[in-house]
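Enquirer: Structure in structure tokens, see below.
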Amino acid sequence: MSELSVKHLLGIKYLNKEDIDLIFETADHFKEVINRPIKKVPSLRDITIANLFFENSTRTRLSFELAEKRLSADVVNFSAASSSVKKGETLIDTVNNILSMKVDMVVMRHPNPGAGIFLSKHVNASIINAGDGAHEHPTQALLDSYSIREKLGEVQGKKVVIVGDILHSRVALSNILALKLQGAQVKVCGPYTLLPKYISSLGVEVEPNLRKALEWCDVANMLRVQNERMDISYFPSTREYVQLFGLNKELLDSLGKKIVIMHPGPINRGVEITSDVADSDQAIILDQVQNGVAIRMAVIYLLASKIK
Amino acid sequence: MSQKVLLASKEMNIILQRLACQLIENHDTFKDSVIIGIQPRGAFLANRIYKILREDYGITTIKMGQLDITFYRDDFRRSDKPLEANKTHIDFVVEDKRVIFVDDVLYTGRSIRAALTAVQSFGRPREIELLTLIDRRFSRHLPIQPDYNGRQVDAINEEKVKVNWKENEGEDAVYLISKL
């Protein structure tokens with residue numbers, strides 16, 4: 001069997017198409033496992049994983065923890081709010097202290113872009129990036145593509161539009177890289193102030209009109225406006241944002257075709273999408289969450305098999 | 001490398017018929033019995049036995065599934081490459097059933113050990129039996145023996161027993177392959 005080309009999962013940037021295929025095939029098996037009466041397999045009994053969350057998270061952290069537990073790994077959790085980081089400890093010191101307690105793998109979310117890459121060069125453990133600032137969130141992109149594959153059969157050739165705050169979104173960057181790698185067409189849609197200046201260098205087109213973007217696409221991935229990362233105002237008012245870039249049922253129904261609606265969560269209902277869209281049968285938001293556990297199990301399983 | 005034919009097509013079919021009949025002796029109508037093929041290679045044998053029971057003996061109540069044991073194996077991270085998983089397909093409840101595990105070759109017994117753990121995820125069977133086509137005796141690592149056995153073979157560790165199936169390899173045959 002083929003194996004992953006990488007020792008860490010730091011970003012989609014470091015993966016190739018074969019890696020993604022392998023992760024998806026493995027996730028298929030784990031998806032079957034997590035739908036059994038007993039949802040646990042003993043594969044990773046001898047592996048200890050530390051979840052280091054230097055930034056808030058509910059979904060990702062729970063999803064990783066469930067994935068780890070369903071593989072029977074031992075799990076230790078750490079959140080920055082209640083740790084020695086507040087006392088001035090550096091990242092390498094924190095992690096090396098944890099690793100000296102014989103931890104094999106680190107799942108890390110950090111507010112600084114590149115934190116995982118930095119860590120992988122200085123410590124001796126497998127690192128999984130669970131989001132580093134506005135840089136990458138590889139497992140989210142994998143589960144998004146996996147959900148598209150599940151819903152539409154394949155990712156190749158599909159038209160995907162990513163709507164909203166592209167500038168501050170690690171989900172957007174990882175998704176663009178993953179979708180392009182699998183041969184999908186990608187457009188982004190949002191206020192010009194929330195689009196990165198060099199977005200076209202990623203091979204994606206900008207479509208400033210939401211209706212046109214939706215008419216073009218098979219899948220719309222609606223991102224949240226990341227107010228917590230905004231130090232200035234990027235658009236005049238939330239009301240104006242909703243009018244131009246919010247997706248409501250009326251707009252969705254007027255498209256003349258059934259597109260797939262995705263959202264990485266957390267949803268701000270009434271802002272990027274309305275409640276009736278989020279709860280409609282075109283939305284696969286909760287499928288994404290379920291697939292998240294299977295994808296993370298696959299990634300952890302494949303990386304753990306490289307630990308000697 | 002040399003190879004020797006242990007069983008040819010005709011002998012193999014006689015053995016399959018016998019194994020099916022032995023199952024009937026013990027399971028009668030198969031009302032609460034299920035056949036589970038151990039992936040990947042046990043599934044072929046399970047299919048064959050299932051077919052004989054249905055077509056030759058008219059037993060239609062029997063259910064069959066395939067169980068993958070990859071995530072339950074005890075040699076994870078001992079081999080160089082990740083262990084490759086196969087499909088598990090069990091669309092019935094195993095709770096309180098008489099389960100018949102089917103595998104082509106019984107060697108160290110570790111696969112069956114893993115299968116015993118794996119099947120627990122689908123419920124608590126009333127009992128579990130083991131049917132194998134080839135029993136490589138004297139090479140067991142664990143106290144596991146077949147209840148129904150096609151042929152006993154004495155093979156040394158450097159030798160490999162390969163079971164070929166018409167539907168997969170184009171012929172029914174069992175080979176003893178020697179690397180020496």
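Along the chain as shown, residues are numbered 1 onward.
A Cβ is built for glycine as well, from the same backbone N, Cα and C atoms used for every other residue.
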Enquirer: Starting from the carbamoyl phosphate binding annotation in TrEMBL that includes A:ARG59, A:THR60, A:HIS137, A:GLN140, A:GLY265, A:PRO266, which of A:ARG36, A:ARG109, A:ARG239 is the extra site residue?
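Expert: When TrEMBL describes the carbamoyl phosphate site, the candidate it includes is A:ARG109.
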Enquirer: Measuring Cα to Cα across A:ARG59, A:THR60, A:ARG109, A:HIS137, A:GLN140, A:GLY265, A:PRO266, which the record gives as the carbamoyl phosphate binders, how far apart are the two most distant ones in Å?
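Expert: Per the listed residues, the maximum Cα distance equals 16 Å.
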Enquirer: Where's the emptiest Cβ shell within 10 Å among the binding-site residues A:GLY265, A:PRO266?
Expert: A:PRO266
Enquirer: Can you tell me how spread out the L-aspartate site is, meaning the largest CA to CA distance among A:LYS87, A:ARG170, A:ARG224, in Å?
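Expert: Between the outermost Cα atoms of A:LYS87, A:ARG170, A:ARG224, the distance is 32 Å.
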Enquirer: Which of the listed binding-site residues (A:HIS137, A:ARG224) has the least company, meaning the fewest other Cβ atoms within 10 Å of its Cβ?
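Expert: Selected from the binding-site residues A:HIS137, A:ARG224 on minimum Cβ neighbours within 10 Å: A:ARG224.
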Enquirer: Mean pLDDT for the domain 'Aspartate/ornithine carbamoyltransferase carbamoyl-P binding' (A:7-150), rounded to an integer?
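Expert: The answer is 91, the mean pLDDT of the model over that range.
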Enquirer: Using the centroid of the Cβ atoms of A:ARG59, A:THR60, A:ARG109, A:HIS137, A:GLN140, A:GLY265, A:PRO266 as reference, list every other same-chain residue with Cβ within 8 Å of it (recorded carbamoyl phosphate site), in sequence order.
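Expert: Near the carbamoyl phosphate site, beyond A:ARG59, A:THR60, A:ARG109, A:HIS137, A:GLN140, A:GLY265, A:PRO266, sit A:SER57, A:THR58, A:SER63, A:ALA130, A:GLY131, A:VAL171, A:PRO264.
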Enquirer: Determine the minimum-neighbour residue: among A:THR60, A:GLN140, listed as binding-site residues, which Cβ has the fewest other Cβ atoms within 10 angstroms?
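Expert: Ranked by other Cβ atoms within 10 Å, the binding-site residues A:THR60, A:GLN140 bottom out at A:THR60.
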